[in-house]
Every structure is written in C-alpha cells, then in structure tokens.
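Record features, source Swiss-Prot:
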- Gln38, Leu39, Arg40, Glu41, Lys42, Asp70, Ser109, Lys138: 4-amino-2-methyl-5-(diphosphooxymethyl)pyrimidine binding site (BINDING)
- Asp71, Glu90: Mg(2+) binding site (BINDING)
Amino acid sequence: MNATDLKLYLVTHRYDDNEATFLAKIAAACENSVTMVQLREKMLSTRAYFELAQRVKLITDRYQIPLIIDDRVDICLAVDAAGVHIGDDELPVAMTRQLIGPDKVLGVSTKTVETAVAAVAAGADYLGVGAIFPTQTKANAAVTPIATLKAITAQVAVPVVAIGGVKEANLATFKDTGIAGVAIVSEIMQAPDIAHKVQALRTKLKAVLPNDR
C-alpha cells in the first residue's frame, strides 16, 4: 500500500449543497489537514461523477492529500485517483485488486472478523469498520460493537478505520481500540466552521490514536 495517513478521513456527502459550496467545503477540510478524502456519490451519472471527481482531485492534489473514489473502479482509473473503496455490493475484493493493479489503495468495508480477514487475504490495504454509531448517512446500517472493532484490529495486519456516526464528542470511545483513524461525514461536511471543526478533531485525535502525537 502507498504510504497513507488514515487518521482523519473525510468521506464526502453533498446534502443540499450546490457544487461550488460542496467543493469549497472539501477545500476547507483539506486546507486544515484532513489526511484523506473519499468522494462518495451514489446518484450521479457516470459522466457527472467523472467531471466532479476531476474537480475534487484538483483540490486534493493541491494539498497533497490522497483521493479515494467510493465504489467506482472506472472513475478511480479515469481520474487517476489514489485508490477505491468498496463495500458488499461492489465487485469482489480480489477482482477489484486485479483491475486497479498493485499500486493503488484498496479500502474495503467490513463488519465482522471473518469478512475482515477474507478482505485482507484478497488484497485490501485498509478496512473501514462500522457503522460504530447510528448514522443518518446510512440510516439502515447495522451498528458494529466496539468489541468487534477491537477484535478486527487484533486479527488483521492492515490499518483499520472506524466509520459511522463518528463525532468529536465520541472520539474518546476509540482509545485503545487499535484503529489507525476515523472516517467522518456529517461532522465535517455540515459543520458551520469546517476549519475550526477539523482542527478540533485533529486535537482530540492526538489523545486517542497512539500514532498521532
């Protein structure tokens, strides 16, 4: 896997923002040191997704932050993103690895130790585990217990990122879980002051992540 910092992983969501506002939010988050950005767009046409990904990559490249594309291997390759993140409904992990090659980052969503171990064996570079807390972004997502998160981090040799309802107020929950970082959606994308929120999250994470001192 490419040298990748997963500490504060922004996963985008458009909500009701127009494109200019959406891009400005991503830029503010990057300027204030999120460490990775995942572009997640479920409703756009392929052409629209490609064009948006190009614009987002201009921002992430400016700040030298890796861009990960959610689900779409074709979009990842078309814009030369750093990698792709897949879930249960996408291509199998091994097939995705074959398509993107050995050098791009492959993230995989998982909820159990068994699927986590299988994903790593098939070529995953990092795992996204959750939803740890209830989340409006994926309202029907089953909650993954902290005990399961700890069991996964203990069983796999790749970095694990906690996702789902993660907020500044609950970051302390992740102390001593073995995670490499947290993936955050609404806490950043809907923050009234994104710069302040990202800085506050980075400060709180220093007390939570053993590699963030």
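Any Cβ shown, glycine's included, is placed from N, Cα and C.
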Quick note, Asp70 (4-amino-2-methyl-5-(diphosphooxymethyl)pyrimidine binding site): same-chain residues at least 6 apart with CB under 8 Å of its CB -> Val11, Gln38, Leu39, Arg40, Glu41, Val84, His85
Could you work out which of the binding-site residues (Leu39, Arg40, Lys42, Glu90) has its C-beta surrounded by the smallest number of other C-beta atoms within 10 A? Lys42
I'd like the Cβ neighbour count for Glu41 (4-amino-2-methyl-5-(diphosphooxymethyl)pyrimidine binding site), meaning other Cβ atoms within 10 Å of its Cβ, all protein chains included. 19
I need the CA-to-CA distance for Glu90 (Mg(2+) binding site) versus Lys42 (4-amino-2-methyl-5-(diphosphooxymethyl)pyrimidine binding site), whole Å please. 12
Between the C-alpha atoms of Ser109 (4-amino-2-methyl-5-(diphosphooxymethyl)pyrimidine binding site) and Asp71 (Mg(2+) binding site), the distance in angstrom, to the nearest integer, is 11
Would you identify the secondary structure of Gln38 (4-amino-2-methyl-5-(diphosphooxymethyl)pyrimidine binding site) according to DSSP, in three states? strand
DSSP-derived class (H/G/I helix, E/B strand, else coil) of Glu90 (Mg(2+) binding site): coil
